[in-house]
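Q: The structure under discussion is supplied below as structure tokens; questions concerning it will follow.
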């Protein structure tokens, strides 16, 4: 208890130092300005908005850096020819929806677990959650590989062009080794992000994009490797991005207060992690897959509809990054508040992020609707495509308002651990309402691609109503108790202080302490009595528990490898 009290006092002092430092940076003019704004908004709301923006801006930039790697690869392939460009675009799409989306979604479990645990000051448990995430995400690489190695067969099954399918398979096979790197990057990013540390992802992502452009230029223009060169550039860029972020964490000692070394505890509590991870994955993948289905359906309508839908989709991705940044910020703030037992702050964060997200979406929608006749010229000069994009964009602008609301609610659900509700909402919204209605309007009513967006609009309205009602009915006290239960796994680490400070951000200290754990000699875990996987205090019970862990985790590894073997057999036999 004394150790916990000391840690709490230390963190409180650190927060005070950070606030004093922020006030010093702002100066008297900024302080006066803040006081004026408080005439229109309560001080707490204004401060919450500032903290959300401080997290949302770098979160937006970090997501943009990830998005640009694929875009740059497609741009460099523009000169290769139609077949090659189609193959690269198709390969990137397949990798995203069957690989990257899965890893990103699974890593989303950390939005609940790490944010709440960090908010509850159980810092060493954050490192254990990261270890569990590493092991679980690496296991999920195997079924993804099993699917990806059969890309050509799947494309031919859907009557895609044989030459395009073959080149697509080549690209995907070259990319396979990079999938674990992409997964681990997402996990490391979540590890930092949910501690309120986001700028390292922006920096490393920017450097990775420079390398990506350089590799694409050399491999495509200098060496003339074509599709293989583009795939190699993308693969190397994924490794560079992950390695740079890892090295930055080590260099700046961002791990110091949360990493206690590898422990047997990383093999425990997989059930809780996987339940959250699968729900998070479904929230992301269900939406992503729905839009990829729309691309396939647009292709059935003709080349003009396909090109217009592709342009609108690219615009939608870029515009969506703004509410996504706020969604990430809201998830962090809500998780921290609940983990710390501060329900008022969690409720305030939820309300403010909803309002801010809708305001940004409204401004973005108005801008898009105003520029509807101009946007398409960024991508093409074909008058038919430009006219169709101009016709559909106002409907998408309306969709954006509700999509942003769903995104903000999704962030609140992640921070509060209600991911299952989000997964169910997305499933019903897209596959019971949105897609059936959109497809009917596209083909039966002969509205074309605008019919699809009317379906998405109906989906957004239905989801927004449901999720807003759910968010406003959340029992925040109970959610806080659940968060503190998740973070109740105590970690005791005898440490040696070596007086090396841990640095989390340049400039001011963060909410974390700056004491280095030093050389960790041992880790002891005392699980709460409610844990389903708690260890027995007796030596015999501990030995039995270890044997059970070896058996169950070995079976998990065997199942993962088995799926890859099945995939290889299918590839060789087809």
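Glycine residues also receive a Cβ, built from the backbone N, Cα and C atoms like all the rest.
According to Swiss-Prot, the record shows the following:
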TOPO_DOM  1-51  topological domain 'Cytoplasmic'
TRANSMEM  52-72  transmembrane segment
TOPO_DOM  73-86  topological domain 'Extracellular'
TRANSMEM  87-107  transmembrane segment
TOPO_DOM  108-133  topological domain 'Cytoplasmic'
TRANSMEM  134-154  transmembrane segment
TOPO_DOM  155-168  topological domain 'Extracellular'
TRANSMEM  169-189  transmembrane segment
TOPO_DOM  190-204  topological domain 'Cytoplasmic'
TRANSMEM  205-225  transmembrane segment
TOPO_DOM  226-230  topological domain 'Extracellular'
TRANSMEM  231-251  transmembrane segment
TOPO_DOM  252-271  topological domain 'Cytoplasmic'
TRANSMEM  272-291  transmembrane segment
TOPO_DOM  292-309  topological domain 'Extracellular'
TRANSMEM  310-330  transmembrane segment
TOPO_DOM  331-350  topological domain 'Cytoplasmic'
TRANSMEM  351-371  transmembrane segment
TOPO_DOM  372-384  topological domain 'Extracellular'
TRANSMEM  385-405  transmembrane segment
TOPO_DOM  406-430  topological domain 'Cytoplasmic'
TRANSMEM  454-472  transmembrane segment
TOPO_DOM  473-549  topological domain 'Cytoplasmic'
REGION    500-541  region 'Disordered'
COMPBIAS  521-538  compositional bias 'Low complexity'
TRANSMEM  550-570  transmembrane segment
TOPO_DOM  571-574  topological domain 'Extracellular'
Q: Averaged over the topological domain 'Cytoplasmic' (190-204), what pLDDT does the predicted model reach?
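A: Value for the topological domain 'Cytoplasmic' (190-204), mean pLDDT as a whole number: 93.
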Q: Considering pairs 6 or more residues apart, do the transmembrane segment (169-189) and the transmembrane segment (385-405) have at least three CB pairs under 8 Å?
A: no
Q: Can you tell me which recorded stretch out of 52-72, 87-107, 231-251, 310-330, 351-371 has the most Cβ pairs within less than 8 Å of the transmembrane segment (272-291)?
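A: Maximum Cβ contact count belongs to 87-107.
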Q: Tell me whether the transmembrane segment (52-72) sits in contact with the transmembrane segment (205-225), defined here as at least 3 Cβ pairs under 8 Å among residues 6 or more apart in sequence.
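A: Contact confirmed: at least 3 Cβ pairs fall under 8 Å.
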Q: Out of 87-107, 231-251, 310-330, 351-371, 385-405, which stretch touches the transmembrane segment (205-225) the most, going by CB pairs under 8 Å?
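A: When the Cβ pairs under 8 Å are tallied, 231-251 comes out ahead.
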Q: So if I exclude everything within five residues of the ends of the transmembrane segment (385-405), which remaining residues of that chain have a CB under 8 angstroms from its CBs? That is, six or more out.
A: 304-305, 307-308, 311-312, 315-316, 319-320, 323, 354, 357-358, 360-362, 364-366, 368-369, 372-373, 375-377, 448-450, 453-454, 456-457, 460-461, 463-464, 467-468
Q: Grab the same-chain neighbours of the transmembrane segment (87-107) for me: Cβ-Cβ under 8 Å, and only residues 6 or more beyond its ends, written as numbers and ranges.
A: 70, 73-74, 77, 80, 133, 136-137, 140, 144, 147-148, 151, 155, 160, 163-164, 167-168, 170-172, 175, 179, 182-183, 186-187, 189-190, 227, 230-231, 234, 277-278, 280-285, 288-289, 292, 295
Q: Restricting to the same chain and to residues at least six past its boundaries, which positions have a Cβ under 8 Å from a Cβ of the topological domain 'Extracellular' (226-230)?
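A: For the topological domain 'Extracellular' (226-230), the far contacts come to 73, 76-77, 80, 84, 87-88, 91, 167, 170-171, 174, 216, 219-220.
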Q: What same-chain residues lie close to the topological domain 'Cytoplasmic' (331-350): Cβ under 8 Å, and 6 or more beyond its ends?
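A: Contacts of the topological domain 'Cytoplasmic' (331-350) (Cβ under 8 Å, skipping residues fewer than 6 from its ends): 44-45, 48, 51-52, 55, 111-112, 114-121, 193-194, 196, 411-412, 414-417, 471, 474, 476-477, 479-480, 482-484, 487.
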